[in-house]
Amino acid sequence: MQPLEVGLVPAPAGEPRLTRWLRRGSGILAHLVALGFTIFLTALSRPGTSLFSWHPVFMALAFCLCMAEAILLFSPEHSLFFFCSRKARIRLHWAGQTLAILCAALGLGFIISSRTRSELPHLVSWHSWVGALTLLATAVQALCGLCLLCPRAARVSRVARLKLYHLTCGLVVYLMATVTVLLGMYSVWFQAQIKGAAWYLCLALPVYPALVIMHQISRSYLPRKKMEM
């Protein structure tokens, strides 16, 4: 079994130019949506007005922006750092995921402090339960990535298989994060501020980057890795 590389997969040779440009445009839009939605949630939260106000801010930074961009780094058409080497992209991926974990930890700390101070019970909604599972899965993914970064120190014998698991589970974790964000939009806090057609638009925004990322991983990496295992 040959060592597996994580790199950019070129587009098919006979692919129409229009299709190629449409795919690139969808990637640019995914970056804009990830950034714009994070800014929107930050403005909506009015950080500093309460302990709770920091929770959506840091969680949006963690999952809607940092994690999304860390995954898109490896996209053949959508990466903002397409000019970087594979080694540099891996380092940037680690930096993005580390920042995501730090922001998620801060977001968790603020919501626990807020509910404790208000004497409210924890884990009473689907949003909180799925969010807790997402945080746990994110931590497991980080450990898996650490093993891939230092396979000899971690005594990993089947690196190719672990990379496949890391890719597949990484997609699942990001989709779990997207579901958590969607469930948060059903909260009293969010629905008190966003109503009508605007609410449905907000519901669609986090789904779009998730679809782009799902297509990226399933099309460009998973079939290739299964063949090389």
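Here the Cβ of each residue, glycine as well, is placed from N, Cα and C on the backbone.
Fair warning: this is a prediction, and the values are worked out from it, not measured in the lab.
Considering the side of the membrane named for each residue in Swiss-Prot, P16 and T168 coincide. Cα spacing between H93 (heme b 2 binding site) and H127 (heme b 1 binding site): 27 Å, rounded to the nearest whole number. Mapped onto DSSP classes, the topological domain 'Cytoplasmic' (75-91) shows 6 helix, 0 strand, 11 coil. Secondary structure at H127 (heme b 1 binding site), taken from DSSP and collapsed to helix, strand or coil, is helix.
Around H166 (heme b 2 binding site), the same-chain residues at least 6 positions away in sequence with a Cβ under 8 Å from its Cβ are Q141, C144, G145, L148. H93 (heme b 2 binding site) carries a helical DSSP state (H, G or I).
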